[in-house]
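Participant: Quick one: the structure is below, questions incoming.
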Amino acid sequence: MSKKTRTYARVLLGALSHASEKEAAGIARRFKFLLQKRGDVRILSAVVREFQRLWEERKGKVASVVSAKELPLGSALEQELKRRGYRPRKEYDKELIGGTAVFLGKSYLVDNSIRGKLQRIQKLVQSL
Amino acid sequence: MAQDHIFDILQKELEGKELSPKGEEVGRIISVGDGVVQIEGLPNAVFSEMVEITRWPGDLNTSATRALVLNLEEYTVGAVVLGEDSKIQEGDLVRRTGKVLSVPVGESLLGRAVNPLGVPLDGKGSIAGKETLPIERPAPGVLDRQSVNTSLATGIKVIDAAIPIGRGQRELIIGDRQIGKTALVEDIILNQLNEPAETRPICVYVAIGQRASKVAQLVGELEERGAMTYTIVVMASASDPASLWFVAPFAGCSMAEYFRDKGKDVLIVYDDLSKHAWAWRQLALLLRRPPGREAYPGDVFYLHSRLLERAAKLSREKGGGSLTALPIVETQLGDVSSYIPTNVISITDGQIYLESDLFSKGQRPAVNIGLSVSRVGSAAQSKAMKKVASQLKLDLAQYQELAAFVQFAQDLDPATKKRIERGSRITELLKQGQFGVLPMEEQVCVLFAANQGVLDETPVEKVRDFEKRLLEYLRNNGKKVLKTIRESKDLSEETQEQLQQLFHGFT
């Protein structure tokens, strides 16, 4: 991702942070014109993706907790993540079979799911 | 031992004892196309690291696709996919392996045809042994080297006499397409059968972007003649992704270095580096690196120099092994002054230039002696060959100077006419069909015969037949002389006299 993309995303974030819903629509339209004027429309999707990431992170980094079944509200895991400054976001995926996997931001995974364990065992067996 | 350890881990896993999950660094695919992926995340990935791309949570039946990290940018990581990229999707999970790209090495690779990642292609089962080496390794330092001092017998008269190659040398083979470059190196590999088993070089043939059928044919021919026992074939075929073309010579070099570091002599052929440069150009452009001359990236010289610098004759303290490199470069319409040929010419210790005109005139191998050179090989040439080659080179040089007058041969003085006739016979004598490699002692005898004027009375068109009969005669009646030359590697005056007597008996 280029610096330009990141700069556009940050500018957009700054403009939208305190805007009302009505103002936001105008800002988005003007932002599109700005990109057109500067000949950068081709990076629009990259800017939007980066903006989404920044928007989600503005109140702290997101930790996605993926589990096979719905976790109880205020679980120990949730509490621990909050204590460490993460904003827990719950997701469900039956494919995990059981257990949970936690994505810390976009660059760290703690996989404690049954499927993850099976995959690790599969890898061990294949390396024999 | 390792199996017991893994068994222990498995048991603990299955018993639920090892339940604590381990965190791992991951990234997500943000774009994929033409064998190149951009990855978000992986903040600590290192250059040349192997990463694994999987769908998450993933299917237990599909294995991960491997990719090689080549671009480390501020927010993203660029990697080339080592395999099929059509199944990779945006959002796929990328895991670090913590290992730089490595390939299997060892004795078990001998006689095998593998892809650049060491995966067997010959249907002879998996590669035994688990030893691996990274594909990018530093070249031996100055103190670890010694001068080239042993010759590498190619079995080809024109090369062994005029452009000798030493073990540890880098000799470029350059020429247009369909001119016999691969045939030449195939002969050189086959000729190693004439070497004693204890000093026979291990051969590694790296095919980059070659047709699979052509490589299969080469493997078949080597196998048929018993040369695969000391040969490894690394193949990135024309249908493989550019990333594998890029990796192939480095992987082959690591496989060869394993033997070099064990004190053995190794010969590696890169067929060919033009296609390797094309692959690197494609990857570099897709990785958005700035293009330079002919759209090649700025580091295309370094790409080949760091590869060829790994060829060396190691010092005794380091085992005395050697790695001889024969890179091949394909020219367009004989243009040796284009970018890649000039780069590789300047990196190597000489070049064997194959010319289309000579090829179409029936000169096989079509070596242009005037443009070919070996900068270090003559130091390693045997005394016997040196003695016959010096006269031969002189005769040839005089012939080439006078060759323009051949059509006016009737009006020339007898001395000039004699030189032209001798030259044309030597030129004919240097023709050699494919698979017609000769051991050093036989080459010496044939060239000595030419120097002594034994061929002068033979019509040019019958020179090759004469040579064939002479060799037959020597094999039957001159076994002792051949043995003396082979063992002493010299052509003493006594041996010269014995040879002259044999020639007399033959004629």
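Every residue, even glycine, has its Cβ placed from backbone N, Cα and C.
As annotated in TrEMBL:
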- B:G175, B:D176, B:R177, B:Q178, B:I179, B:G180, B:K181, B:T182: ATP binding site (BINDING)
- B:25-98: domain 'ATPase F1/V1/A1 complex alpha/beta subunit N-terminal' (DOMAIN)
- B:155-374: domain 'ATPase F1/V1/A1 complex alpha/beta subunit nucleotide-binding' (DOMAIN)
- B:381-504: domain 'ATP synthase alpha subunit C-terminal' (DOMAIN)
- B:S372: site 'Required for activity' (SITE)
Participant: Please classify the secondary structure at B:S372 (site 'Required for activity') using three-state DSSP.
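Facilitator: Coil, per DSSP.
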Participant: Name them in sequence order: residues not among B:G175, B:D176, B:R177, B:Q178, B:I179, B:G180, B:K181, B:T182 whose Cβ is within 8 Å of the mean position of the Cβ atoms defining the ATP site.
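Facilitator: Everything else in range on the chain: B:E330, B:L354, B:F359.
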Participant: What number of additional C-beta atoms lies within 10 angstroms of the C-beta atom of B:G175 (ATP binding site)?
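Facilitator: For B:G175 (ATP binding site), the 10 Å Cβ neighbour count is 28.
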Participant: What is the nearest of the binding-site residues B:D176, B:R177, B:T182 to B:S372 (site 'Required for activity'), using the Cα of each?
Facilitator: B:D176
Participant: If you average per-residue pLDDT over the domain 'ATPase F1/V1/A1 complex alpha/beta subunit nucleotide-binding' (B:155-374), what number do you get?
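Facilitator: Here the predicted model's pLDDT, averaged over the domain 'ATPase F1/V1/A1 complex alpha/beta subunit nucleotide-binding' (B:155-374), is 95.
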Participant: Give the three-state DSSP assignment (helix, strand or coil) for B:K181 (ATP binding site).
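Facilitator: Note: B:K181 (ATP binding site) is helical by DSSP.
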Participant: For each of the binding-site residues (B:Q178, B:T182), count the other CB atoms lying within 10 A of its CB, then report the residue with the highest count.
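Facilitator: Ranked by Cβ atoms within 10 Å, first place goes to B:T182.
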Participant: Would you count the other C-beta atoms found within 10 angstroms of the C-beta of B:I179 (ATP binding site) for me?
Facilitator: 23
Participant: Hey, what's the Cβ neighbour count for B:G180 (ATP binding site) at 10 Å?
Facilitator: 20
Participant: Count the other Cβ atoms sitting within 10 Å of the Cβ of B:S372 (site 'Required for activity'), across every protein chain shown.
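Facilitator: Here the count is 21.
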Participant: Cβ neighbours within 10 Å, counted over all protein chains: which one of the binding-site residues B:R177, B:K181 has the most?
Facilitator: B:K181
Participant: Where does B:D176 (ATP binding site) sit in DSSP terms: helix, strand, or coil?
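Facilitator: It is coil.
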Participant: Restricting to the same chain and to sequence separations of six or more, state which residues have a Cβ under 8 Å from that of B:D176 (ATP binding site).
Facilitator: B:E330, B:T331, B:Q332, B:L333, B:G334, B:L354, B:S356
